[in-house]
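The block underneath contains the structure these notes are about, expressed in structure tokens.
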Amino acid sequence: MRFTKVTPFEAAWTMGFQRDGCELLVVIVKATYRMPSKPGQPAQLHVDQQPLIEADEFIGEPGVSAPLRESDFAHFKPACDVLVIGQAHVPDGGIATHLHVGLRVGTLIKHFNVVGDRHWRKSLLGTVSASEALPFTTMPVGYERAFGGIDATRLSRTGKVATFLANPAGRGYWRHTEQIDGQPLPNTEDSDRPVTRHNGKYRPMALTPIGRSWGPRQRYAGTYDEHWLNEQAPFWPDDFDERYFQAAPEDQIIPYPQGGEDMILKHLTHDGLRTFHLPRQTMPVTFIPYRGRDINQKAVLDTIVLEPDSERFTMTWRTGIALNGSVFEIKETIVGEMSEAWHRTQRFPYKTYYRSLSEAVAAKRKRMVR
């Protein structure tokens, strides 16, 4: 298959499959824009278009630490992920012990508190409390700084660990208190429910991707039991839910944006507040089979990643078609808008086209002379 890109954006294709095992040809397109610095300014294309991410990236050790970026090659997303890779910023480079941050993208509104470094203190009587927060200027807002973690205090005795499944990569969670003294608390917390207990059930507050094996996504992964192994492998189980492909927290998932949505970042940039509108950009994709008519689709915008510290954001579109047999039935896939003249030549490949009426008349006379 020939893959043609008539757009300045990054684009690629991959193979996927449906629940019934039918193969999918999936096309992914990614555009990088500069984040406007003043209200009312339109977002401009970035000179440095970010590449498509082929494998998940992590803050530290892969599979153990919090995710930083997720692969762009999901088969399908039923809605749009909105993610922020960055930090909370005290305005004008000042210092604070507490800061309120917020994000708005269309109908999405999310806000929470960012707190300076603290640690658990255990008294001689065994009571546990939090220390005072230290001042900060910037603070990461990923899951490594949110409530959660793994308590391995009694691993040597019982062979078991206590895990906060909503965020195993976080900090502040301890089921037991033998080793809790001096351990860090989270730096982010719900504005309406601050963290006061080491074994509480708090909602982790972050703006980055959720781990694939964590509780909020694991519930959508389906059941991989002996029946699946014998009857369905390697395809999805019957109870697999495509929401598993959504990398964002549930409160950062929105219907596919159409462009023009309000974008507001509060205390997530060095200047304290950033407002602009999401670009209006369509992404046509044409599949040309060896047999049959062309298939024209509009890819959907299913991932927005904001990187305020780099003054950029990316928009990723996705579309695909089910294949009757294999990818070899597709002659060419074209990403981007082709001219009407090109489409006419595709519909009537054996017809001769002329640039003007006079050119057509001259050609006809020439044929008559012959």
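Cβ from N, Cα, C; glycine included.
Computed from a predicted structure; not experimentally measured.
Now, the feature entries from TrEMBL:
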DOMAIN    21-318  domain 'DUF2169'
REGION    179-208  region 'Disordered'
Open item on the list: Looking at the domain 'DUF2169' (21-318) alone, can you tell me the average pLDDT?
Closed with: 96
TODO: Could you give me the DSSP helix, strand and coil counts for the region 'Disordered' (179-208)?
DONE: 0 helix, 5 strand, 25 coil
